[in-house]
Amino acid sequence: MVALKSFRHSGPSFADLVPYAGLVDNGVILLKDGSLMAGWYFSGPDSESSTDAERNDVSRQINAILSRLGSGWMIQVEAVRVPTADYPKESDCHFPDLVTRAIDAERRAHFQKERGHFESRHALILTWRPPEPRRSGLTRYIYSDTASRSATYADKALESFSTSIREVEQYLANVVSIRRMMTRETSERGCFRVARYDELFQFIRFCVTGQNHPVRLPEIPMYLDWLVTAELQHGLTPLIENRFLGVVAIDGLPAESWPGILNALDLMPLTYRWSSRFVFLDAEEARANLERTRKKWQQKVRPFFDQLFQTQSRSLDQDAMMMVAETEDAIAEASSQLRAYGYYTPVIVLFEEDQARLQEKCEAVRRLIQAEGFGARIETLNATDAFLSSLPGVSYANIREPLINTRNLADLIPLNSVWSGSAVAPCPFYPPASPPLMQVASGSTPFRLNLHVDDVGHTLIFGPTGSGKSTLLSLIAAQFRRYSGAQIFAFDKGGSMLSLTLGIDGDHYQIGGDATEGGDGKALSFCPLADLTTDGDRAFAAEWIEMLVALQGVTITPDYRNAISRQVGLMAESRGRSLSDFVSGVQMREIKDALHHYTVDGPMGQLLDAEEDGLALGSFQCFEIEELMNMGERNLVPVLTYLFRRIEKRLTGAPSLIILDEAWLMLGHPVFRDKIREWLKVLRKANCAVVLATQSISDAERSGIIDVLKESCPTKICLPNGAAREPGTREFYERIGFNERQIEIVATAIPKRDYYVVSPEGRRLFDMALGPVALSFVGASGKEDLKRIRALHSEHGAAWPLQWLQQRGIAHADTLFPAD
């Protein structure tokens, strides 16, 4: 016979070390000891932009929630740092030109570098062990209804657990953004079969192996310990699935804590899982434990022989006296039930295929923990127990003896969330799953910048001169081209968008200057009365003529208004549509004289009195208005009013962006102020976002529509401003909702590198992460650069970007712009 005993007998396996038994309800797992477990994903507030009072308030609320729990409960807060390389795919972007495509390709390569960027995800696990049946048997006699008496122990335990976690979830939802880990079902084989996947079980599998993937549950979801198992090799440096496992334990707590004391751990540029386990004790159990500690220290206050012979040597241990006082304070807190006590076990788990690299990472984590004032050690003999203690639902392994209270726990657990932005464009008018506007950097954590909050994309950008405002606007315009059918209308000052506009073969108009030419080389002139097709067109034309007359100091009377409307109606049926045709046809001398300034015989005739309109609006239009702004109100207002009208007619639902650089020039004029107010209220329906950029904070405040700007522009981007803390400027930031900490961030940020974005979704200080290709087109705004760009454009035409990049020393320029 074959000796089969050695094959039939097996020792304990890894499945015997984990407690998971079965799935008993949606998102609820039963453990082998009868405990029930549920989990949530959550995102806490951004403490980097919060004041000390706000951080303390969050910690106070978390303590109030956790102090309700007692013996039998355990909470585990997990912070997972994972690599991210989810830059929008090239196939999801629709850049119509080589320049913006090259800029985005450069940014994609930057953000997809190996081990380049990481982001944090947070989870919370609650475990409850019901009291034994013999201890809860009396409760069935308290209730008189038949259902309560006939319900089984398991049903009552599950109902009690569901009620408790629902209350905890409701309380936590007031502090953090939270989502329950649920069981989901999908149809297979033509809806003949239903497959079940549980998010909590998937997270457990991730904690065990470090690999995140869905796990299909069996028809009867029991014996889950065998599904979650992995190959474990025990040792000083254990191996799981052929990957080395490192565990760093936090074992020395400082004398005091404050909210977010370990937030630096949540920003490290490496992959790890930080587990914080807390096993709750009832007030009675906590007092009993604390009383034993008090007696131990009390015995050390007086020397042994003084206690033995009842003498008074007056040699007292002052340290022991302090410990007794602190322990008595802790007993009082436990008795008040304002704070709960329990056993706290924090560990950081790392996986790595190379043992030497794992050791380096563990030492880096240990150094960071020690720098924060904590003790830390890299586990060796205790590594397996420490790893087991980090797994969801494991309450028996690696119990750390000293008690801490829930107020300290609220300071220690990872609640801070670095806002990473939406992974898709939040605007519902864009195609589903459209990529975000652009990805920028902030340390080792990337940030997806979107101007939109739901369907509102209006944005306010403000900061002092020379802090990088024009570069940001140009990059926003370049990255906005990723959306199919996108159209951009920019009002520029100083030629900061000239290089980008010419590079993408857009239309650049220098209105009112000596070189009044369009992008096609033809002289730019307007024929505002060219389109009189609809009643709306004729109404605008009549109103526009009335405005010209009023700007010349003539009071509009009903007779004048009727004469203007009558002449506009006649012109709608004739071929001549120029302003001179209108003047020759209108019968009132006062109107003729008032409009003389705008005809070919006057100084503005070159712009406003053309037979045909020279403005052909394309998908990217840039209007240089610096010269126009210096021509006075009588000349400025008619031109911009007409341009605004032409742009409004182009807004048919395609993704659109209107950029107003140096918007303080427009905020100071009643006509444009009212137009901006109107745009902010109605253009969102046309899928158009308005970006207002200004360097004059005082002008924005005096504009009279600062409240409209604050309410209608949910996204605000602040440029570094060293004067933000000074009186006068501080009040403006406070008026738009900034707190003391946010003002401090703006004041200490680095000009031309840092930008601070604030929206209802979150707050973040970011860096645009510009490469040399992007800088060549969005950052070239100096006079010498613009002069050289104009010369190259004149000499090489559409091929000038290649010459420009080669002159700037970019070696791979020929690969970005291949010859036809």
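Every residue, even glycine, has its Cβ placed from backbone N, Cα and C.
Quick look at what Swiss-Prot lists:
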- Gly463, Pro464, Thr465, Gly466, Ser467, Gly468, Lys469, Ser470: ATP binding site (BINDING)
- 1-15: signal peptide (SIGNAL)
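Known features from Swiss-Prot, placed on the structure.
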| residue | record | CB count, 10 Å |
| --- | --- | --- |
| Gly463 | ATP binding site | 24 |
| Pro464 | ATP binding site | 17 |
| Thr465 | ATP binding site | 11 |
| Gly466 | ATP binding site | 12 |
| Ser467 | ATP binding site | 23 |
| Gly468 | ATP binding site | 20 |
| Lys469 | ATP binding site | 23 |
| Ser470 | ATP binding site | 23 |
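Residues Gln695, Leu719, Pro751, Lys752 surround the recorded ATP site, their Cβ atoms falling within 8 Å of the Cβ centroid of Gly463, Pro464, Thr465, Gly466, Ser467, Gly468, Lys469, Ser470, which are themselves excluded. Under DSSP, Lys469 (ATP binding site) is assigned to a helix (H, G or I) in the three-state scheme.
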